[in-house]
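Just below is one structure, and these are the notes that go with it.
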Amino acid sequence: MQLTLTLSGSSMQLLLLVSNLLLWENMASKPTVLVSTEDLYHRLVEQSHNTFIKAADVYREFDINFAKRSWMKDRILPLCHTASIHVPENREEVHEIKTEDLLRSIINISVSWKEPLKHFVSAVTDLPGASASMRKKAVDMKDKNLIILEGLQKIFNRTQTKVEENENFDYPAWSGLKDLQSSDEDTHLFAIYNLCRCFKSDIHKIDTYLKVLRCRVVFKNEC
């Protein structure tokens with residue numbers, strides 16, 4: 001009886017091993033589903049448009065409930081930290097810029113917001129009087145920016161015949177953390193306001209130029 005039990009146990013282990021091997025071979029034989037460039041553009045345009053709407057909502061709520069009118073006369077609105085990133089400023093420049101150069105520009109914008117948005121979420125979460133909706137949208141803005149960035153990088157890599165190991169990207173540094181963490185309420189709120197204002201502007205750029213690129217790449221400029 002004891003020998004029979006031992007053999008049964010060994011047989012069971014062998015059966016499980018074979019089953020696992022067959023399962024692994026079956027999974028390995030299935031090709032990874034590759035999202036087409038066209039579908040990536042469609043998804044990214046949808047994501048960027050929805051993110052812009054949320055950014056506009058957050059900006060509007062902050063402007064109504066927290067912004068101070070005295071800022072308009074007492075403070076000078078600083079340039080956004082992404083101001084140095086070149087993007088087309090008119091229809092002629094849009095027509096002339098290469099696809100990979102425009103992709104590079106909006107990738108630079110998206111990357112430059114990774115760090116600021118982390119701190120923005122913390123600031124909005126801790127902001128007395130901020131609505132639950134505002135807090136949730138701030139988190140969504142951060143998360144969607146990362147999703148958009150990932151998709152942009154995939155598309156960019158597909159435009160290259162050979163992707164260089166040290167691709168020439170220029171990510172502007174953000175220097176607003178000190179003001180954002182300031183104990184002075186006015187300075188702190190003004191820093192949040194500028195993040196709201198600048199991200200709304202930048203995600204609008206990303207959304208606009210993604211639509212330009214989709215028109216060019218997917219619809220062959222017939223849109």
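Every residue gets a Cβ built from N, Cα and C, even glycine.
Note that this is a predicted model, so its numbers are computed, not measured.
Each of C198, C215 is a candidate, yet Swiss-Prot gives the disulfide link of C80 to C198. According to Swiss-Prot, C215 forms a disulfide bond with C223, chosen from C196, C223. The disulfide-bonded residues considered are C80, C198, C215, C223; of these, C223 has the fewest other C-beta atoms within 10 angstroms of its C-beta.
Here the glycosylation sites are N108, N157, and the one ringed by the most other CB atoms within 10 angstroms is N108. Taken residue by residue with DSSP, C223 (disulfide bond) is part of neither helix nor strand, so it is coil.
A separation of roughly 19 Å, to the nearest angstrom, links the Cα atoms of C215 (disulfide bond) and N157 (N-linked glycosylation site).
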